[in-house]
């Protein structure tokens with residue numbers, strides 16, 4: 001069983017409203033989520049000695065989340081990841097989005113789902129957030145009703161995303177938590193052992209847009225089907241880090257996505273999802289300038305993200321999994337973050 005407690009977290013400037021914090025607690029996990037961007041601000045997991053550490057990067061105060069920062073813990077929408085040149089067509093009509101990451105549109109635009117106040121509803125074992133994204137918000141067509149539900153079950157945090165559209169629009173929702181299983185504030189993730197259940201990945205151009213090819217991982221740096229120690233792997237393959245979509249099983253059923261093991265603490269994170277892809281990102285753009293919780297700084301490679309989602313730029317690449325949601329349909333995806341010790 002999980003308990004849920006509710007408290008004020010901070011006030012938005014110029015009367016923008018109160019941001020609330022919801023603490024979900026089970027015998028194995030404690031998760032803090034705020035109503036600003038449905039953001040996970042803390043996630044405490046025990047190590048094999050039974051010592052709890054917070055394993056997500058973030059801030060202790062609301063001000064931290066209101067500054068320019070790399071989407072720590074937030075829900076991303078209306079469309080996660082990049083849309084090439086910020087343009088796409090739906091039923092012959094062209095739409096133009098803000099170019100907020102030259103030369104593309106990233107993570108829903110200038111004011112995506114991460115930068116709005118959601119309406120919370122407390123559940124017996126979690127919290128559900130909802131909002132209506134108005135027609136034309138950030139350039140996207142149609143009104144979109146969205147529900148994001150976090151529930152806790154023992155060592156498992158479950159995130160469900162649902163949406164309904166008034167006209168055809170691309171929808172791709174994810175959570176952008178940065179994890180460090182040694183505990184947030186640890187200098188890097190090089191001692192993490194990573195497995196990703198993907199036979200193919202998407203090569204990208206210099207602006208991180210997929211070139212359209214679905215490439216086999218076999219014989220490449222992207223073959224993570226057997227566990228690799230991250231630091232050594234990046235060194236061996238002379239990689240600056242990962243920021244790539246790995247292609248998962250095409251089924252809409254729950255399937256295994258990834259496993260990360262931190263040997264020193266014994267902490268294990270397993271990710272399951274209904275989504276067709278996962279963006280594995282190793283915090284390549286973190287640069288140590290942000291001050292996080294407990295005085296932590298977050299240098300390059302001090303956290304990793306496993307953003308379960310549709311494939312990047314799918315709206316412009318017809319052979320990628322479909323990303324358009326039409327009236328009368330429901331977008332419904334779930335991701336499971338399962339914590340344990342080994």
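Cβ atoms here come from the backbone N, Cα and C positions, even for glycine.
Whatever TrEMBL says is automated annotation, not expert-curated.
Now, the feature entries from TrEMBL:
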- 176: active site, proton donor (ACT_SITE)
- 307: active site, proton acceptor (ACT_SITE)
- 81, 82, 176, 177, 178, 243: beta-D-galactose binding site (BINDING)
Spatial neighbours of residue 178 (beta-D-galactose binding site) that are distant in sequence (at least 6 apart) but have CB under 8 A: 56, 57, 58, 70, 72, 73, 283, 286, 298, 303, 304, 305
Packing count at residue 307 (active site, proton acceptor) (other Cβ atoms within 10 Å of its Cβ): 24
Neighbouring C-beta atoms (10 Å sphere around the C-beta of residue 243 (beta-D-galactose binding site)): 17
Spatial neighbours, same chain, of residue 177 (beta-D-galactose binding site) - Cβ under 8 Å, 6+ residues apart: 40, 43, 56, 57, 72, 73, 305
Number of other Cβ atoms within 10 Å of the Cβ of the residue listed as 'active site, proton donor' across all protein chains: 22
Tertiary neighbours of residue 82 (beta-D-galactose binding site) (same chain, Cβ under 8 Å, six or more apart): 101, 104, 105, 106, 207, 208, 209, 312, 313
Cβ packing number for residue 81 (beta-D-galactose binding site), 10 Å threshold: 26
Nearest-integer angstrom distance between the alpha carbons (Cα) of residue 81 (beta-D-galactose binding site) and residue 176 (active site, proton donor): 10
Maximal Cα-Cα distance (Å) across residues annotated as binding beta-D-galactose, namely 81, 82, 176, 177, 178, 243: 18
Rounded Cα-Cα span from residue 243 (beta-D-galactose binding site) to residue 307 (active site, proton acceptor), Å: 10
Residue 176 (active site, proton donor) and residue 243 (beta-D-galactose binding site), distance between Cα atoms, whole Å: 13
